[in-house]
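Below: one structure, written as structure tokens.
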Amino acid sequence: MKLTLTGVLAASTAILVTSVAAETMTIGITQNNVGVDSYQTTYEKAFIAAAEANPNVEAVVLDAGGDVARQIAQMEDLIQQEVDAIIIWPTNGEAVIPAVRKAFQADIPVVVTNSNIAEQGFDFVKSFSGPDNITQGSRSAEIMCDKFKDMGIEAEARVVQISGQPGYTTAIERAKGFEDRLPEVCPDVTLVETQPGDWNREKSQQVMEAFLVKYDDIDGVYSGDDNMGVGALNAAKAAGREGIIFVGATNFAVGYEAMAAGEYWGSIYQSPVDDAEAALQTAIDILNGADVPFLNYFDTPKITQDNMGDFTKPVF
Amino acid sequence: MAGLTKQGVAGFLAKQGILVAFVVFMIVFTLANPRFIDIDNISGVVRSSAILGVMALGVTFVVIGGNLDLSVGSMMSFSTIVVLDLHDKIGPALAIPAMFALTLCLGAFIGILVGYLKLNSLIVTLGMLSAIHGLTLTWSGGKNMDIADKEGTWFAVFGQGSILGIPTPILLFALVAAVLGIVLSKTPFGRKIYAVGGNGTAATFSGVPRARVVFLTYLVSSLCVAIAGLMQASRSLGSQNTVGQGMELEVLAAVILGGASLLGGSGTIFKTVIGVLILGFIQNGLLLVGLPFYVQYVVTWVIIILAVWLDIAAKRGRLLSPIA
């Protein structure tokens, strides 16, 4: 008797859910690791705010806490709940592919946000929404080259690079963008050495200290993000080496402040709010049947001491 | 010259094998890049090794006592974040003692679990590694912590200042090493740690309060972590939540490189200092030589194994094991 009652209840709930789903779209998101850094924390807040602002969207917001197994379980939960679309911020670009494939087989469109999954999973994904890290790298090269031209040292300048954690797609793509673009815009500038700073300020400070001992003449430092860039800046300040042009990526609050203080030249402005809103909009567009490009990048503009007034200070 | 008999040399090697290994590396790196021996470079390496070094001094106590401490990395992140956050809220004069108190509480908690409840230290501190990381994230909300007024605070003295031209972190490292070295080698407490780590049962029957000794080693370890956190926070005046992530293994590598046995009962503060310096100079030397990072990972590991081998070979007076 009890069983039947539960069955009836379940059936009626299911009907209720379907009738609601006809009017609103339910979009589930499983995030990488909210709380591990301010970017992800701000991303989540912006996503929830954007979803709440849209009366047609019902959002199911989940967080994998950096754990691949939990993210796969969350994907399965979202498939079970029959959401209309799933947004995933992969904890690991390869390990999540089977779960993404499951969603594909259940006819639920998947949008990958922020960092893409590995290429063998592309067939199961409707769109990737996120920053274009190769473009970011090449824009950083342009910022640095333009500054060298202003200073009149584009014929002789020497640059070192502090890259992100080895093996991370973001780190590889930014380095590639920078290394490919720099010789195009400033053919006489030499990139003398690249070492990883592992996205870590302290490690980057140590790497830069070694660079300063090794090279008497450094004109520019490109770092894979501002956090590492500020570490390098601290090393140069401690060693009393002035006149070095620092260019980073992913403008952090510390980088913004160093720019305001005139110590750090430029970076790439990447807003977690834009990132979150772009992901949600991509999912909505797909559900509305719009034609969405597979690589749906949001713009990440150049920011330097000259134009920083146009941007608000990053929250992270 | 009388001291330099064959036995004298062998005896010196057996006791100081790791020191010999250290000198050999220094010479090799200097030949590869003369700037390696530059006084600025050496002072830079010792200064940046100081944070890891102070943590390794505390862990030496724990390891000699026969236990492990894998929680020091995330505990250091905790101390750093807490002191940076409190700096702007209650001022540095109150923030520093508050951070020390909180960090010592964490050490005392681990000490109770391992010492009085006799739980396996590997499991306890592995668990605390993630638990403390969670605590740090809860405290900070995941945000990077930064001191607002970086120019106007005296707080920078512990990480950036210098006395008589010597950077403060080096002085702090030397001071902590001297104090802990004396405690370990000259006091009854120090001897009890060796006794507990060497043979816990025998120590108990000899009337050594085993639980209390183990508890105190963890307290010493957390005190060192608090000092390291202070230096770290003061050096960068801002920090990510993951600043100490992975350091527990480097710390352990330095302690073991210094010759402390993982089984407990042996090791000295002086040798741990040498272990710390070897690690620091390897990393710096490889950077100066300019090897790509993937080669560095391999070479670092090869050098550590080589150093341990040289140490053991010197102790037994031959390169290969007598028991084949």
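The backbone N, Cα and C atoms fix where each Cβ goes, and this holds for glycine too.
Feature annotation from TrEMBL assigns transmembrane segment to B:12-32, B:44-64, B:94-116, B:122-142, B:154-184, B:213-231, B:251-282, B:294-314.
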Under an 8 Å Cβ to Cβ limit, what residues of the same chain, 6 or more beyond the ends of the transmembrane segment (B:154-184), are close to it? 43, 46-51, 53-54, 57-58, 60-61, 64, 87, 92, 147, 190, 193, 220, 224, 227, 230-237, 268-270, 273
Would you say the transmembrane segment (B:294-314) and the transmembrane segment (B:12-32) are in contact under the rule of three or more C-beta pairs closer than 8 Å, pairs 6 or more apart in sequence? yes
Among B:94-116, B:213-231, B:251-282, B:294-314, the most Cβ pairs under 8 Å with the transmembrane segment (B:44-64) come from B:251-282
Residues of the parent chain within Cβ reach of the transmembrane segment (B:213-231), under 8 Å, 6 or more residues beyond its termini: 50-52, 54-55, 57-59, 61-62, 64-67, 69, 72, 75-80, 82-83, 96, 99-100, 103-104, 106-108, 110-112, 114-116, 158-159, 168-169, 172, 176, 180, 189, 192-193, 196, 203, 244
